[in-house]
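*Asks:* Pulled the feature table from TrEMBL, pasting it below:
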{"type": "DOMAIN", "residues": "104-492", "note": "domain 'Major facilitator superfamily (MFS) profile'"}
{"type": "TRANSMEM", "residues": "102-122", "note": "transmembrane segment"}
{"type": "TRANSMEM", "residues": "142-162", "note": "transmembrane segment"}
{"type": "TRANSMEM", "residues": "169-189", "note": "transmembrane segment"}
{"type": "TRANSMEM", "residues": "195-218", "note": "transmembrane segment"}
{"type": "TRANSMEM", "residues": "230-252", "note": "transmembrane segment"}
{"type": "TRANSMEM", "residues": "258-277", "note": "transmembrane segment"}
{"type": "TRANSMEM", "residues": "322-343", "note": "transmembrane segment"}
{"type": "TRANSMEM", "residues": "363-384", "note": "transmembrane segment"}
{"type": "TRANSMEM", "residues": "450-477", "note": "transmembrane segment"}
Amino acid sequence: MAIAFTSRFSCSPSIQQRSVGRCECFSCYSVGNWSQLSRRQCLHIEYVKVNRMRAYYKSEEYDITEAAVDSLKSAEGSAEAVLVEGNLQETSPWWQQFPKRWVIVLLCFMAFLLCNMDRVNMSIAILPMSQEFNWNSATVGLIQSSFFWGYLMTQIIGGIWADKLGGKLVLGFGVVWWSAATILTPIAARLGLPFLLMMRAFMGIGEGVAMPAMNNILSKWIPVSERSRSLALVYSGMYLGSVTGLAFSPILIHKFGWPSVFYAFGSLGSIWFALWLRKAYSSPKDDPDLCAEEKKLILGGSTAKEPVSVIPWKLILSKAPVWALIVSHFCHNWGTFILLTWMPTYYNQVLKFNLTESGLFCVLPWLTMAVFANIGGWIADTLVSKGLSITAVRKIMQSIGFLGPAFFLTQLSHVRTPAMAVLCMACSQGSDAFSQSGLYSNHQDIGPRYAGVLLGLSNTAGVLAGVFGTAATGYILQRGKNLEAVLFSLNL
């Protein structure tokens, strides 16, 4: 049985667009959705049973007859016709049809995964390192906080670079820089404490540009209807990075020694950088392969704006919402960074877990954060799509992100079993993850063109909280205070 394709109507007589077009009439079926057209013609296709296999296509530019039909393959009653001579080609693989904006999101997710893997490995490695080099608690706190010296330096600068030069260049620089510093950490440690402090600060310089650069690039690629879930996915990369680092660091240390975690984790940055150079673009207008349909969805009918040339500092700093972000970020990071750096020590010294157990139990709170960050993102985007104001959604999400940890951390002074302590930590971090749909999404809401600078400003305050909170914890412990009481009081 043969099949003839009869074209009854040509929607566009001269279509030169590369993107998949859609007809304005009701019944038009876009062949571009069924099989890729080289010139994206839209056809009405009518299946007609005839005695001879023929293919007709009538338009002003083409005249395809039997000679244009290469083959007809049929199996169990289904048929597939392939027109050659450049008019029809096989359907492209699914990975080529994957939205380009979500490719950018996944690459940012991978960058943040590496970011926290390289950051938290010191939280585990510091235990055998302190024994080998005979460091006391104050020295350990100094080493942990030295990362933030460099991290603080590049927050605002990273935002300025990203808004002016583009997020692709700045984020790529950051990953290469901190990966190299991670690999060099064991060498610096053996040279002496000053060299180690300097190397940790260098690592902070690289990681300091990551969040402003990511915020800049996503503000250009992601429409507002997908903002919360995309940011939640990217930031869940940080949490899964903590999970991966805390889970695999004890294994590597046990088998190959503490330097192995720095060599192994740092080398992964080169793989990511190769993918980043090939797949990423700072904005949709820079991507030559982005189809017009997705570009229209991203831009929402507006034109892409050029990178900023001048930062209006006076205007930015005069706005109350900007200062609300700064204060919120400081309060959020005060608790988060203390838990990030001191949680393994808490499990080891207070709950009496060994090195492997400390790393494994530290995984649970961060894994909880990865799950609830994405749940919060979907809830926030759903509320926005149902008509609730963006401001109200951000306040609801951030209220959960503040009140939840405050409640669960206060319970640490009352629990009597390690299992309950781990549960309280997990619930605290899980509720904290709702902040990704609160303050962390708000920078793009109030100033999308200056999203990098805004995040740099607020995260500078957050870094100061990390520096003071982490160092203060080590100082208080050195004076004989209990770590459980320190975590309880500092997070209030």
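Note: Cβ is positioned from N, Cα and C throughout, glycine not excepted.
The structure displayed is predicted, hence computed values, not measured ones.
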*Asks:* Quick check: do the transmembrane segment (169-189) and the transmembrane segment (102-122) share at least 3 Cβ pairs under 8 Å, counting only pairs 6+ apart in sequence?
*Replies:* yes
*Asks:* Go through the chain and flag residues at least 6 beyond the ends of the transmembrane segment (230-252) whose CB is under 8 A from any CB in it; none is fine as an answer.
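*Replies:* For the transmembrane segment (230-252), the sequence-distant neighbours (Cβ-Cβ under 8 Å, at least 6 residues beyond its ends) are 101-102, 105-106, 108-121, 123-125, 214, 218, 222, 260-261, 264-265, 340, 344, 355-356, 358-360, 362-363, 366-367, 369-371, 373-374, 376-378, 380, 433, 436-437, 440-441, 444.
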*Asks:* To what whole number does the mean pLDDT across the domain 'Major facilitator superfamily (MFS) profile' (104-492) round?
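*Replies:* That stretch averages a pLDDT of 86.
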